[in-house]
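The structure under discussion appears below in the form of structure tokens.
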Amino acid sequence: SLFSSAHTPWHHSYVASSHFGFQVKDQERLHSTMVRRAGRALLIALALLIACDVLSFCAPLARRGANSSRFTGSLHPAPDAPLTPAAAGTSAMSTSQVYFTGIGWYLMHFVVSIGNDSIMKFLGETLPPFQVVFLRFSTAALVLLPLLVIQGRSAFKSARLSMHFSRGLLLALGIGLWCFGLNLMPFASCVVINNTMPFFKMLFAQLILGEKVGKQRWLASLAGFIGCLIVFNPTAATFQPQSLVLILSACCFAMLDIFNKKYTASETVTSMLFYGSLATAAISAVRAIPGWVPVTGSQLGLIGCLGIGANFLLYCLLKAFKYVDASATCPYRYTEFVLSAIVGFFAFKELPSSSTLLGSCIILPSVIYTAYAETRETSDEKEDVAAP
């Protein structure tokens, strides 16, 4: 997970003189108040920006025609629309190939995520969480900057800049609520509640994107969530009122995926990567700068790897959304636990616990069932269309 260790408040040392000490405290209290007010003003402004963006964001998608797939919508673009490489490649593939290609990209994003989370966990032991977030996404934007400069001014163009700031706000808010929840509840409970995200994503995909969310996706996601419960064995604190904080965090991450799916067809991958990272870095800077901790040379090297990994992670996710529906990826969300156990075994010689093995025995059959049901249903639909 993103921040698996709790972070205690940073304490400041004051001088022995009580009079001067009170002055320092008053200055710091004033500075802290100003920072909080500036942060609130920024959040209110970006919330208004999202409210304006929602009017066009919730517009219904075009109805699927005869040449459509239940995974991605229309496989063939409109006659007047430019044929992108992804669209050209998708139109020449069978529906099963489209499905497994998209799921393959989605699983690859988990592999990158495991490496990124390991680095963030290590950095989080000495750096505040929002400073790690700021460094991660500012580095991701800097890594992309030379590529955009080489491509020219057209690479910086985006039809919806407000959408990128909305994505950044959702990510920063989701991370902030997650960190806050870690201080309220046990870690296992936090992970379990965070993994309700696929259910919110399927609901949002159906209501906002107009996706057809079949019963097999709901059932497979439910089975995966049960496997998650077995792996982490949460306490009764999972079902306390304070879990609402983490539920809101899960909603933010779910809506972020809906944004990514919605605009992956109209925005370039580089603009989605660059402006999303830039917006997240700018928003997280509000919390990162006041408690800034000096960064060592070795940490800078890890931060560089983190920035590159952040770009590759989102690239894999955007590629997945070019092939499959956002809701089609939901049952595979829980394979992250299985992949983490596999990486831990081969890379660190860590034997998985009995609960992890038992949970995997539920998660893996559920995703196999999903793949079988999705591809079979698509084949049946294709035969019905071909039939006279």
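Including glycine, each Cβ sits where the backbone N, Cα and C put it.
Feature annotation from TrEMBL assigns domain 'EamA' to 117-232 (among others).
Residues annotated as domain 'EamA' in TrEMBL: 244-370 (among others).
Annotation comment: TrEMBL describes 41-62 (among others) as transmembrane segment.
The transmembrane segment feature in TrEMBL is assigned to 98-115 (among others).
Among the features that TrEMBL reports, transmembrane segment is placed at 127-149 (among others). Same-chain neighbours of the transmembrane segment (127-149): 3, 7, 10, 120, 155-156, 172, 175-176, 179, 270, 273-274, 277-278, 280-281, 284-285, 287-289, 291-293, 295, 299, 303-304, 306-308, 310-311, counting only residues six or more beyond its ends whose CB sits under 8 Å from a CB of the stretch.
Residues or ranges marked as transmembrane segment in TrEMBL: 169-197 (among others).
The transmembrane segment annotation in TrEMBL covers 218-237 (among others).
Here TrEMBL flags 243-260 (among others) as transmembrane segment. Long-range contacts of the transmembrane segment (243-260) within the same chain, counting only residues at least 6 positions beyond its ends with a Cβ under 8 Å from a Cβ of the stretch, are 57, 163, 166-167, 170-171, 173-175, 177-178, 180-181, 184-185, 189-190, 193-198, 200-201, 204-205, 208-209, 237, 272, 314, 317-318, 321, 326, 329.
TrEMBL lists 272-293 (among others) with the feature transmembrane segment. Residues of the same chain lying 6 or more positions beyond the ends of the transmembrane segment (272-293) and with a Cβ under 8 Å from any Cβ of it are 10, 31-32, 35, 38-39, 42, 46, 126-128, 130-131, 133-135, 137-138, 140-141, 144-145, 148, 156, 158, 161, 164-165, 167-169, 171-172, 175-176, 260, 263-264, 310-311, 314-315, 318.
What TrEMBL lists as transmembrane segment is 299-318 (among others).
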